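All remarks here apply to the structure that follows.
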Amino acid sequence: MPEHTAASRLRLSGLCFLLQILNILLFAVFVRYSPESSPGRCPPQLDCSRRNQDSGFQQPRFQDVHIQVLLSFGLLVVFLGRYGPGSAAVSILVVAFAIQWAVLIRGFFYFFLNGKVYVGAQSMVSADFSTAAVLISTGAVLGRVNPVQMLLLALLEVTVCTLNEYILLGLMGVSDSGRSLTVHTFGAYFGLMVSRVLYQPHKDKRKREERQDTGQQADVFAVVGTIYLWIFWPSFTSATTVHDNAENWAVLNTYFSLVASTIATFILSPVLCEESTPPMVQIQDATLAGMAVMGMAGEMLVTPFGALIAGFLAGLISPLGFRFFTPILRSRLKIQDTCGVHNTHGLPGILGALLGTLLTLLATADTYGDRLELVFPLMAQGSRAVTDQAFIQLSALPLTLLLAALGGYLTG
């Protein structure tokens, strides 16, 4: 056993060394700061219309998004007494590597010009989105993979996740600023497929016992993680939605959604769990669900009462999913979903995509005004009809599920 432990440590140390050297070399060869983030003349090949936006408001927004990814997601994976501290440490490791890798991969897709990748503040915010998808996936396999496997998962998932985002947002013109599809849905079902491939029947019972044995320390972490979610997630949802002086609907809709989802948990959880007050972990899950459902629809004309309805439905999905769907995943599909990402990210993400499709059908110049060009630029230019945009929004859902399933299967 000591030899095995020493070998594991050496494997982790060696892989971290190799991956970091690889990133350094690739950055040295390809990565340069974008003219959008620097003074001086801008090359005509690059779009510098957002120069002020990139250098100005993005910095505090990046700080909010990065704190959200690092702290909130890190605290979400420490509820298992046996894996808690180690899981938090591994989540920081995954964040440290995935951000570097995501900047590179996204640069090759979006900002590759004359043999160089140009990066700016927006590159870091977008890299955090890809990192969030990886952390969501790790929740499905928590306790069954070691740090070396976590790094390999991040290496492969960032690549497939960026490909999915490029197809949806870059080629198809899908509006998903808050990432209901490209982060929540993709990350959840990618992780679930990895979990299915790694299914170990003899460990199933032990994992269920560990999932139930959270303890008081886990509740404390859940309290802190939930508070961070409330403070910083609206910035995560709206990180790419504010343009000039336009009202940030995404922030407001996200807050309306998360308060309704929290109330929904207090309505349903006591009935299902036979407790007067829901466990703190369930409130945390409801908060995640309420925010995931606003990813696509947040910047659309969902209206305050619509955001309340969507959040309420998402808040009902989470406890119902843990009560009914999770046992089916485990017994019928042989999927061990340690953190319940199917209920807190997958299903709410799908609901958010369907809501976004419905709202797309209602998008007109009369209802949106100047915001139509910000949310649906192709429709504002007259090159795409409302029904065509809605069909593309809807078709993005099965495409995301397909890429997540294939990528998760190969990774597993």
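First residue shown is number 1, and so on along the chain.
Each residue, glycine too, has its Cβ placed from N, Cα and C.
Worth saying up front: this structure is predicted, and the values here are computed from it rather than measured.
Between the listed ranges 289-307, 308-326, TrEMBL ties the annotation transmembrane segment to 308-326. The transmembrane segment (12-31) shares the most Cβ pairs under 8 Å with 90-113, out of the stretches 90-113, 125-143, 220-242, 389-410. Same-chain neighbours of the transmembrane segment (125-143): 58, 61-62, 65-66, 68-69, 73-74, 76-77, 80, 82-83, 87, 90-91, 94-95, 98-100, 102-103, 105-106, 150, 153-154, 157-158, 161-162, 165, 179, 182-184, 186-188, 190-192, 194-195, 198, 207, 210, 236, 239-240, 335-342, 345, 408, counting only residues six or more beyond its ends whose CB sits under 8 Å from a CB of the stretch. Across the domain 'Ammonium transporter AmtB-like' (59-411), mean pLDDT in this model comes to 84.
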